[in-house]
């Protein structure tokens with residue numbers, strides 16, 4: 001993907017991930033992870049207005065940069081240190097965090113500093129390297145989102161087939177292929193990136209394409225490969241996941257109602273119900289971090305349920321179902337947020353790039369100045385919203401984050417308070433109740 005270049009005075013250049021530098025005093029514009037930083041002489045406005053816009057943009061740059069670097073570094077550290085989080089999905093999240101961190105580190109400083117200094121001082125090698133890394137980081141981020149969508153679709157909607165190939169070694173191969181494919185796709189950027197003078201002691205890092213047709217073809221190719229096709233795949237995958245989860249909601253409600261009716265009419269014990277081979281969530285996967293529903297095979301001698309130790313009261317069998325319903329609703333909401341944020345962050349940039357490739361003057365008149373700058377800032381924001389959506393809404397990640405912080409900053413042990421005389425005695429643990437259940441079944445003998 002590439003960003004809009006609005007400087008019409010440089011012939012033969014086009015949008016791309018490099019940072020094309022501004023003339024001194026021009027308003028702050030920026031490039032996204034794959035676009036040029038472009039500047040245009042400021043419109044006739046008051047000095048106070050220009051200074052206010054510049055201050056707002058610099059502040060937004062700083063906030064997004066700190067959130068992107070801090071959030072993605074935290075993800076990398078927590079996922080790397082926590083053994084419990086070394087799963088297939090988290091392997092893709094780790095790759096996504098690395099690509100987002102690369103996007104923030106390799107793009108934003110080389111966008112902001114040349115705007116403030118008025119010229120590109122880093123040389124041709126840095127210009128080509130930054131251009132290439134910007135493109136690779138955005139490509140890896142997009143492909144990682146697609147891989148996560150397909151992995152979750154397989155885990156939830158095709159659980160039996162997914163268990164065969166969903167291993168960490170397979171995820172590692174997919175991640176390596178994602179980085180290699182992105183690296184090959186972005187080879188044209190360093191090839192056609194140059195540093196050229198645009199005025200006395202003013203340099204720009206720009207892309208000089210062979211022709212306008214090549215620039216248009218490249219813009220359409222990136223629009224299809226890195227936005228339209230991934231967006232469709234993600235929308236379809238998460239749509240099918242949402243459909244499966246909502247069907248599971250209705251199935252759980254119907255099956256629990258039937259189970260409670262049998263308990264009331266027959267005096268029996270509620271058991272695990274499976275109708276028509278439809279998948280239901282794994283036992284114990286009631287939390288918000290459950291990421292799949294798997295078919296449970298019936299046991300020959302099911303153990304006595306813990307609820308059988310007490311008489312079934314009104315609503316006692318509905319609590320697990322309510323917990324599962326709430327967990328599934330949270331998953332559906334998170335999936336919708338993922339798709340909406342993806343389109344929200346990248347649709348304006350891709351639309352502007354395509355518009356610029358086919359109608360440069362019209363795009364220049366409409367988007368030069370503050371509009372294109374904030375469009376690019378919106379694309380930068382994707383690097384800091386991904387950690388929030390994928391990890392900070394994950395209960396186990398929050399727990400692992402707290403454990404990591406406690407490990408790095410240990411606190412002195414506190415004295416345990418003594419129990420007061422009027423406190424309730426400790427309740428028996430689940431393990432002791434389980435032993436009681438097993439002993440009861442053993443004494444009763446096989447049914």
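Cβ atoms are placed via backbone N, Cα and C, with glycine included.
According to Swiss-Prot, the feature topological domain 'Extracellular' maps to 1-57 (among others), an assignment based on sequence analysis. Confidence annotation: the topological domain 'Extracellular' (1-57) carries a mean pLDDT of 46 in the model.
The N-linked glycosylation site annotation in Swiss-Prot covers 7 (among others) and is backed by sequence analysis.
Summarising the annotation, Swiss-Prot assigns N-linked glycosylation site to 30 (among others).
Positions annotated as N-linked glycosylation site by Swiss-Prot, on the basis of sequence analysis: 36 (among others).
Sequence annotations record features per position, and here Swiss-Prot assigns transmembrane segment to 58-79 (among others) based on sequence analysis.
Look at Swiss-Prot and you will find 80-87 (among others) tagged as topological domain 'Cytoplasmic'. Within its own chain, the topological domain 'Cytoplasmic' (80-87) has Cβ neighbours under 8 Å at 94, 168, 396-397, 400, 403-404, 407, counting only residues six or more beyond its boundaries.
Annotated transmembrane segment per Swiss-Prot: 88-109 (among others), in sequence order, evidence recorded as sequence analysis.
The topological domain 'Extracellular' annotation in Swiss-Prot covers 110-131 (among others).
Secondary structure at residue 127 (disulfide bond), taken from DSSP and collapsed to helix, strand or coil, is helix. Positions annotated as disulfide bond by Swiss-Prot: 127-205.
Annotated transmembrane segment per Swiss-Prot: 132-150 (among others), in sequence order.
Residues annotated as topological domain 'Cytoplasmic' in Swiss-Prot: 151-170 (among others).
Below 8 angstroms of C-beta separation, residues 16-18, 34, 88, 91-92, 95, 128, 131-132, 134-136, 139-140, 143-144, 147, 151, 207, 218, 225 of the same chain, each at least six residues beyond the ends of the transmembrane segment (171-189), sit close to that stretch. Look at Swiss-Prot and you will find 171-189 (among others) tagged as transmembrane segment.
The annotation topological domain 'Extracellular' is assigned in Swiss-Prot to 190-219 (among others) on the grounds of sequence analysis.
Tertiary neighbourhood of the transmembrane segment (220-242): same-chain residues 1-2, 34, 138-139, 142-143, 145-146, 149-150, 152-153, 156-157, 185, 331-332, 335-336, 338-339, 342-343, 346-347, 350, 353-354, 357, selected by CB-CB distance under 8 Å and a gap of 6+ residues from either end. Residues annotated as transmembrane segment in Swiss-Prot: 220-242 (among others).
The topological domain 'Cytoplasmic' annotation in Swiss-Prot covers 243-333 (among others).
The region 'Disordered' annotation in Swiss-Prot covers 258-285.
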Coarse DSSP state, helix versus strand versus coil, of residue 205 (disulfide bond)
strand
Within the same chain, the residues at least 6 apart in sequence whose Cβ is under 8 angstroms from that of residue 408 (S-palmitoyl cysteine) are none
Protein Cβ atoms within 10 Å of residue 205 (disulfide bond), excluding its own
28
